[in-house]
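Undergrad: These came from Swiss-Prot, pasted as-is:
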| type | residues | note |
| --- | --- | --- |
| BINDING | Glu174, Arg220, His443, Arg484 | L-aspartate binding site |
| BINDING | Arg220, Asp221, Glu222, Gln229, Glu477, Gly529, Leu530, Asp531, Arg532 | ATP binding site |
| REGION | 198-201 | region 'Aspartate' |
Amino acid sequence: MKRSMYAGRVREEHIGTTITLKGWVSRRRDLGGLIFIDLRDREGVMQLVINPEEVSSDVMATAERLRSEYVIEVEGFVEARQQANDKLATGMVELKVSALTILNTAKTTPFEIKDDVEVSDDTRLRYRYLDLRRPEMLENFKLRAKVTHSIRNYLDDLEFIDVETPMLTKSTPEGARDYLVPSRVSQGHFYALPQSPQITKQLLMNAGFDRYYQIVKCFRDEDLRGDRQPEFTQVDLETSFLSEQEIQDIVEGMIAKVMKETKEIDVTLPFPRMSYDVAMNSYGSDKPDTRFEMLLQDLTVTVNGIDFKVFSEAPAVKAIVVKGNADRYSRKDIDKLTEFAKQFGAKGLAWVKVTDGQLAGPVAKFLIAIETELSSQLKLAENDLVLFVADTLEVANNTLGALRNRIAKDLDMIDQSQFNFLWVVDWPMFEWSEEEGRYMSAHHPFTLPTPESAHELEGDLAKVRAIAYDIVLNGYELGGGSLRINQKEMQERMFKALGFTADEANDQFGFLLEAMDYGFPPHGGLAIGLDRFVMLLAGKGNIREVIAFPKNNKASDPMTQAPSLVSENQLEELSLQIESHD
């Protein structure tokens, strides 16, 4: 029989009609001779009633065989429920079954198919096809589909061209580790799965496409966390002849459309702008969460000269004030915060509390001479807790920024209903890598430096600024972009600044440099992490909740057992040998 509609869409207007439904048995109950079935499909749950006095003995026998997650087909008459269930969209109606067919049986599931089920993450991933049956998960993917639909419509209306770029590309340095794919035809050579379509989308601008977009899979072999996966999806944009502001206007319009169509929220445009330096110095992060205060305070000058060498001899002394919550933190709690601070390079964590109008705590005696000035600068009040970090400016900022976020979550200071977007601009072009012992690109080596700082490519790289911009949402980097280099001479200078010899630059990026000989237009773009965006819209804490078949924290798939061993024949075809490291 043909299905009449989704079970979750049956409403009062269907009362008096005969319909056919198909789906899964969510629950079966036997009450007073009647059998009640909760039938679940993609759109929700519908109650079925099987009355032995109104159906054949075959139907009754079939109904008695039903168990959870059996797949069934039913025909029946829609009636009003005697006792409505206002927790269900279908709660005003029920289906009196006249015909019933079992389409497939099911074993007992390893966990109950319902929201808020207590089960390990690996078990959820091992049986992901069951996990995805849960209504909460289905809603996540409906939201994701609405987001991508909204984005495509918006960009199509602005005459962006959707172009697919290669999945098998060339491995290049300056980024995360590549996933490599050995070539059977060119033995000893490898493709790389793209970390982004960065260079190919730039080449599309050289081809005259003017406006490109793609919702594209990307791959990075990096350590995983809650908002990262080895394969992820980004909304990738590139434009020709547009300014930084014009590109940002397009992106803001796209996000405003998504927010309106998926959350019914009118966001205020334009988004606030904050320089990288302000973000780091005031929030301790290049992706600041602006939903709460607790800004970092610079006390380096204030404490200069006091009789406490930890402060007076430190390159920087900064603090955050936890307003009105000192009594929430015992010595043991502060010790835990100290251990947390050490993860970010801090040697320790100094602290004082405001108790009975005076500073109290391990370092209070060293602050007596500046207590009035300190209290005024920090606007201290009774029951405030002050946390200090004395170290390099970088360590102080990073440590207090992390503490700020942790404490705000611990004290439930964040309004979870808010969506605070902002642009972080005026980025440094390079960042120092202790591991590499050299400067590396803060974004990528194709970013255009500001005209005022470009001369420092041959001087102090720390002074080079980039025409780059990140879009931030609630403390997460939603995406990043920049204007790109389109002049060959500037691109060669950039490669040289990064330590490439001319031969190395030509070997890795010769095709791009050659393209710059043929009228490369000014261009720029941006990429937004789609998984992360949907995660935040759905109010989830991990992007696994919005990716259909994600990997676990070991970059493995417990369901398919990927990655897996391959046969010796496959390795021989590729001229590969596996060395044991036992």
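Each residue, glycine too, has its Cβ placed from N, Cα and C.
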Undergrad: To which of the binding-site residues His443, Arg484, Arg532 does the lowest count of other Cβ atoms within 10 Å belong?
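TA: Candidates: the binding-site residues His443, Arg484, Arg532. Fewest Cβ atoms within 10 Å: His443.
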Undergrad: Counting other Cβ atoms within 10 Å, pick out the least crowded of the binding-site residues Arg220, Glu222, Glu477, Leu530.
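TA: It is Glu222 that, of the binding-site residues Arg220, Glu222, Glu477, Leu530, has the fewest other Cβ atoms within 10 Å.
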Undergrad: Could you round the CA separation between Glu477 (ATP binding site) and His443 (L-aspartate binding site) to a whole angstrom and send it over?
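TA: About 13 Å separates the two Cα atoms.
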Undergrad: Given the binding-site residues Arg220, His443, Arg484, which one's Cα is the least distant from that of Leu530 (ATP binding site)?
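TA: Checking each of Arg220, His443, Arg484 against Leu530 (ATP binding site), the shortest Cα distance is to Arg220.
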Undergrad: In Å, rounded, how far does the Cα of Glu222 (ATP binding site) sit from the Cα of His443 (L-aspartate binding site)?
TA: 16
Undergrad: Measuring Cα to Cα, how many angstrom lie between Arg532 (ATP binding site) and Arg220 (L-aspartate binding site)?
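TA: Cα to Cα, Arg532 (ATP binding site) and Arg220 (L-aspartate binding site) are separated by 15 Å.
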